[in-house]
Each structure stands twice: as C-alpha cells, then as structure tokens.
Amino acid sequence: MIELVNVTKSYNGIIKAVDQMNLTVPKGEIFGFLGPNGAGKTTTIKMITGITRPDHGEITINGKNIRSEALEAKRQFGYVPDSPDLFLRLKGLEYVSFMADIYEVPQEVRGKRILQLADRFDMKNALGDPIQSYSHGMRQKIMIMGALIHQPEVWILDEPLTGLDPKSSFTLKEMMREHADSGRSVFFSTHVLEVAEKLCDRVGIINKGKILFSGTFAELREHFQSDVSLESLFLELTKHE
Amino acid sequence: MNKVLILTKMMMKNAEPAWRVEKGSGWKTALLLIVIALGVLPMIGSAVLVISELYDGLALIGQQGAILGFGVAMTSLVIFLFGILYVLSVFYYSKDVEHLLPMPLAPGHILGAKFTLALVYEYYTAVVFLGPLFITFGVKSGAGIMYYLLAILVFLVVPVLPLVLAALVVMLFMRFTNVKKYKERFRIIGGLIGIGIVVGFQALFQRQSSGSEFGMEQIQQMLLTQENGLLGFVTQLFPGSNLAALALIDSGTWGSLGYLFAFLFVAITGIAAFLYAGAYLYFSGVMGMSESVAKRKEIVDTAFAKLVQKRPAMLAYALKEWRMLWRTPAFLMNCTLSSILIPILMLIPLLSRRDSGEMISFIQTVMQKGSVAGMSIAIAFAAFLIMGAMNSTSVTAISREGQGFFTNKLLPMPYRDILLAKLFPGLVLSAVSMLLLLAEAVWFLQLSPGFIILAIVSGIPGLIFINMVGILVDLQLPKLRWSSEQEAIKQNLNPLFPLVLGLMAGGLVVLASFSLGTSMLGTALGIIVLFTLINIFLYRLVVTKGPGWLEQIEG
Ligand SMILES: Nc1ncnc2c1ncn2[C@@H]1O[C@H](COP(=O)(O)OP(=O)(O)O)[C@@H](O)[C@H]1O
Ligand SMILES: [Mg+2]
C-alpha cells in the first residue's frame, strides 16, 4: 500500500515535475504508472523511495511515513531503478549478498532465495562475474534480484521491462502477478501501453506532473465513453496543448 | 579543426569544475577556498622570498637566469607527472569515450579536443608554479612590459611539451597493455613496475652523483667560464626548458625572440608528433576499455556458501567500500596503493645517499635524549597526521559514489551507520601508512619500545581526527557529477582541506612541544588528551549533524 497526499516537487522552482499529486496504490494489485517521457514518473518514484524530497506533501508506504519513519518505511519496499549501472565493480553475488546483509536476511534462507531467483532469471552462471561484464538486461536482472532478496511487501519498479529479453520479461511479469495475488502491492512505471493493459489491475496516467486519470481500464473506457483504441485515447489524454 | 573546437567545447561544458556552486552552498565553497588559500599563501609567500634571495645571490656571479631555467624545468617535470594522470583519465577512462568512438571522427579530432582539455587542466597547475616565479623574476630584474608579454606567451607554451611526452608514454603503454584478459590488473601491475624502474634508476643515479667531488668541480668551472652557464646545467632536468628561460632573459632582444621561436617550434613539432603517433596508437589502445573478464561458470557450492555468509549491516557496507577501493583503478592508485607507496617512496632519498649512514646515527643519538625525545614524538605524530591527510580515502568517501549516491537513501540503514562505515577504509589505510612509516623508522633508528608504543598510541587519535575531518568536508561539498572516476579525486578540491589542516595541526604540535620542552611521555599525553577531546567533538558532529547533511545531498 502506497499513499501520496498533495505531493509537489519542482527541480528549478519554476516548472513542477510533480504537481499536487494524490495517489493510492492498494494492496493486492499491480498498479501501472503510465505516461510519456518526462511526465514525472521517475521523479514520483524517487520521492516515494526517499531518494529525493518532495517540496510539499506526505508519502506513506504501508502506513510508514518515508520521512518521519524512514527506516521502517524503507524496509517495506524493494526498488529497481531505471538505470541499472550501479556497483559495477562488485560481482553479482557480492552485490546480492550485500543487499541481503543490509536488509538483514537470515542466513538460513538467503542461499536458497538467491539460487531460486538466479534460476528464474537464468543468472546462475553469471553470479561469479563482475556486474561490469553484464549486458544491460543482465544488470537489470541483478538489480531485481537485489531488490527482491528481502521479500519486500511493496515492489517499486521504474521501467523494469525495458531491457529484458522475452523470457525474463515473462518471468518478471509472472512474479509481479504472483506477488499481487498474494495480497501485496506492485507499483511500476512504463510508457508501453500494451504491457500496462495486459498486466495492470489499475493504472494512473500522468502527464506534466499531474494525474489525469486513475482507475481500471474498464473505468477508463467508461469515463471517456469512447471506443477508440487505447493508443488514441492515451495520445488524446497526454496531448501537449 | 572545426570539429576539434566543437568537441573541446562539448567536453569543457560536460566536465564539472573542481568546485560546483549550488544554491545555498556558495559560502561553503568560499570557506573551503579561504582555508586552502590560508594554507597555500604562506607557501607562495615563502617561494617568493626564496626566489628573490636566490636571485640576489646568483646575480652576484651573473647566474640569475638559472632560476628561470630551474623553475621551468621543475614545472615541466611536475606537469609531466600530472599529465600522465590527466591523459589516463581524460583520454581513456572518461565516460564520453564510448560515445565518441562510434561517431565519424578521426583520431585527430578526438585527440585534439582531449589534448586541449588536459592542457587547460595543466594551466591550473602551471600558474601556481610559474606565476610567482615569473613575476618575482620580473620585479627583481626590473623588466619592462616586453618581458611580461613574453612571460605570458612562455607560460602558455611550457605545459605543451611535457603533456605531449606524457601522452606519448601513456598511449604507448595503453596500446601494448590492451590485452584481452585481466586488462585492468595487467595495467596496474605494469604501471607499478614502470614506477619501480624509474624510481630505481633515479636512486641509482643519485647515489652515483651524490657525494662525488667531480660534479662540484665541473659546476664551479662552468660558473666561472660562462654567463648563465648554470642555466644549461639545471635545465638538463627537462628538455626544452632552457629555450623558455633564454627567451625571457634579455627579453625583447633579437636573440631572445630567436629562442622564443625555437621554443614555439619545439612545441608545435611535439603536437604534430603527438597527433601522428596518436593516429596509430589511440584507437587500438582505447577500444574495449570497459570490457571485463567474465567466466560465466556456476560458483561451486563451498565458494557460494562463503560469499553469502551473513554479516552485520555496517560491516557489509564497509566491505563494499573496501572492495570498490581495491577494484577501481583510479581509486586503487589514489587511495589504496598510495597509502602504501608514499611511505615506501619516502625511503628513496634516504637510501640513495651515500652519507646517509652517518646522518642516521646522528639523528638516532640525539632524538631519544631528554627534551628532544618529546619533540621526536611530536614529529612522529605530525608525520602520521600528514601521511593520513595525504590519503584521499575519507575525504572522497561520498564523492566517489558519483551518480550511484542515491542508493544510500534507499537502504534501511541509519545515515549515521553509513557515515561510520565509510570512515572505516580510510582509518585502516592511514593506520597502514603509520605502521609502515614506523617500521621504516625502527629499521633505521633502533627505536626504544617505549617510544614505539607512545608513537602509536598518540598517533591513533591523530588518524581518527584527520579521517573525520575528511568525511565532514566531503559531506559539505561532495563532487558527485564526474565523468571518470579519476575526476572524483583529482579534480576535487576537498582533499586539499585536510592536507592544509594536517600540515597546520602537525606544525603546531611540533612547535608546542618545542617551546614547552615537554618530555616524551608528557608530549604523548598532551597529544592524546587534546586530540581525544577534539575527536569527541568531531564524532558528535558526525553522528548528530552528519545524517542531516547526508540527507540534504541530492545526486
Ligand atoms: N535531476 C533533475 N534535475 C532537473 N530536472 C529534472 C531532473 N530529473 C528530472 N527532471 C525533470 O523533471 C521532469 C520529469 O522527469 P522524470 O520524472 O524523469 O520523467 P519520466 O520518468 O516520466 O520520464 C522532466 O521535465 C525532467 O526534465
Ligand atoms: Mg523515467
């Protein structure tokens, strides 16, 4: 469960990257955050995860405020950034173990979890190599493994499917589904409509820092009472005036 | 040519300046600059004094031109050494290389632009050395406007040749070490061997020449026979520097203009040679810079179990820092290895003199007696402190993270713990420096166990002090936007701050023990009490204010 109340952020004091945003991501759902480039998706995610500070507004994750109960809030989620070029000098396994240590994953389960994740993402043979030697998609997969090693309640993924091959992409989508179906939340951003339509229980459409619509696809169609394609609807919604 | 200009402009804009003035942090930058200036100004002041004294002395025998020659030669040497680092980071380890390679650019375009960029960096260095020299010389010799015009021109040309030489050395090295496997390790080891050879030759050469009367006699002869004869001797240090000096002596005469043109000609020839050689060497050395070894084999069970062993969070974090320090070439050279190499390199002047034996036994008898022994502890303390200050590990602990800094904000780890974990590698490395230095001293001076213990016990608070100062400075003005890891350390002003502070604090401690005439034990106790108090204060600052400062930083 993620809640944003009146969240505003401006980088330069003039243009608002995120403007008075109110958003609730309920439990048991995959929530797709949909919008064109520069809409404010990454900025929103960075505020939710505590990387940047909003100018105004409150953000809670499972009821824990990211500012006043920072550590508790941070333990609730696993986050995969949009650019996976991090910790390049570490070996894949060193990175995942590092994350396991920081999130205090018990000794008994961590080995098994790492192997399971590696198996699902086909990374077993790469764990012993430096992340520097990974392809973009492999780097993304190791970041996902690091984010999920502590089995977080809330998943926050910034454009997670962009660099993945069909099999890994399928696996991740499958895992997202399982996670949501077990009563927990998945929040991810994308600009690919087809993905959102197939995968999400609910979407938020954002443009220029404002939420234009939030709800299910059925509600979206109903709301605009149109039977044009989703693509034209999206283009219409996010048209630059 | 046009493309070179476009590229240079792009790179200049892309490169962050050594300090970045952000909203509201302007005063911090100003403060940092003031403190550095306070440290540097006395040095420049004393340099000016020394130069003018030397001028007066040498003018008596008509050899004052040697000052210019010596200054230019020494500056060239420094620029050459810096040049090696700049060329490595600008030409090879910069992130833009991989974007430039696919563009339809000739090696000459990229090389021209990168050379210009490195040259600009070198001017910053050159102005510190040549500025006081040229101005003092001009004032002393009562030179006219012509001299100053020529001096500016010479200043602009002096760094060219050393940089060309540095670039040639590096390009050759990178070309022939561009091997498939273990490239980084191979290059580091190759580089170290290179340094070893140069240093060995240097030591051998000095041992040969020091203490022999032959050299002195020759010099005397030379001094007597020709005006400015000494110039020829001192400028042997670096080729071409005699031309620069001669262009400035008797400025404005046809002769001096001749030398100036000769100097320009040498520089231009150098650039041409650089571009010519670069066309063959650069691309084949720079390709595959980011390649890394991958085995793609499953880790065997025992190794796996060891790697996933559970550790406390702070230890895991410190270990991550430690691994990054050892595995990133730029960090390895500047932080890790330098803490081991500097104490060892300091041995060389000692080893290379023939008469060092007598000197040592003299020091040995004097230093452990009475009140002098107290000062020896102070001197040991100052040496450890300065050694710790020369280590850039803690003062770049945040800058080194660069664009990945944001990860700190995600981890469910108190910022306090992050800061303390970040102090760990710096402390370990400066302790290694301290122990190495002490081991060398024990080897030469047969120190008493009491002295050794007191030196260590009083040295430790000093190391803690300087490392905490480092991280506090980096918290104020972290340099997170760099395009090569080298920049995080070398194009960052922060390391200068602890260095200045270390020099001042060390100097004050020595001065205090000298003027108070305290005993060995008294000095050690004084240092321990004083620095423990300071450390308690700094620690409070790190754990109470530090987290807030860390929170403020946005990558
Ligand atoms: N670090 C930054 N500094 C200044 N402006 C930024 C920064 N990051 C993003 N922006 C601006 O904020 C707006 C939203 O960007 P972002 O959240 O990254 O969009 P998205 O992820 O939806 O593509 C854009 O107008 C972008 O230019
Ligand atoms: Mg984005």
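Each Cβ is built from the backbone N, Cα and C atoms, and glycine gets one as well.
Quantities reported herein were computed from a predicted structural model and do not represent experimental measurements.
These features come from TrEMBL:
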type: TRANSMEM; residues: B:65-94; note: transmembrane segment
type: TRANSMEM; residues: B:115-139; note: transmembrane segment
type: TRANSMEM; residues: B:145-174; note: transmembrane segment
type: TRANSMEM; residues: B:186-205; note: transmembrane segment
type: TRANSMEM; residues: B:259-283; note: transmembrane segment
type: TRANSMEM; residues: B:330-352; note: transmembrane segment
type: TRANSMEM; residues: B:372-398; note: transmembrane segment
type: TRANSMEM; residues: B:419-445; note: transmembrane segment
type: TRANSMEM; residues: B:451-475; note: transmembrane segment
type: TRANSMEM; residues: B:496-514; note: transmembrane segment
type: TRANSMEM; residues: B:520-542; note: transmembrane segment
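Outside the transmembrane segment (B:372-398) by six or more residues, the chain places 321, 325, 334-336, 338-339, 342-343, 366, 405, 422-423, 425-427, 429-430, 433-434, 437-438, 441, 451, 454-455, 458-459, 462-463, 465-471, 473-475, 478, 480, 488-489, 492, 494-495, 497-499, 501-503, 505-507, 509-510, 512-514, 517-520, 522-524, 527, 550, 553 with a CB less than 8 A from a CB of the stretch. Fewer than three CB pairs closer than 8 A are found between the transmembrane segment (B:520-542) and the transmembrane segment (B:186-205), and contact between the two stretches is not assigned (pairs 6 or more residues apart). The transmembrane segment (B:145-174) makes contact with the transmembrane segment (B:65-94): 3 or more of their CB pairs lie within 8 A, with pairs spaced 6 or more apart in sequence.
With a threshold of 8 Å between CB atoms, the same-chain residues lying at least 6 positions outside the transmembrane segment (B:496-514) that come near it are 32, 35-36, 38-40, 374-375, 377-379, 381-383, 385-386, 388-390, 394-395, 465-466, 469-470, 473, 523, 526-527. Counting residues 6+ beyond its ends, the transmembrane segment (B:65-94) has Cβ neighbours under 8 Å at 51, 54-55, 58, 111, 114, 117-118, 121-122, 125-126, 129-130, 133-134, 137, 154, 158-159, 161-163, 165-167, 169-171, 174, 228, 230-238, 240-242, 244-246, 248-249, 282, 285-286, 289, 329-330, 483-487, 490 in the same chain.
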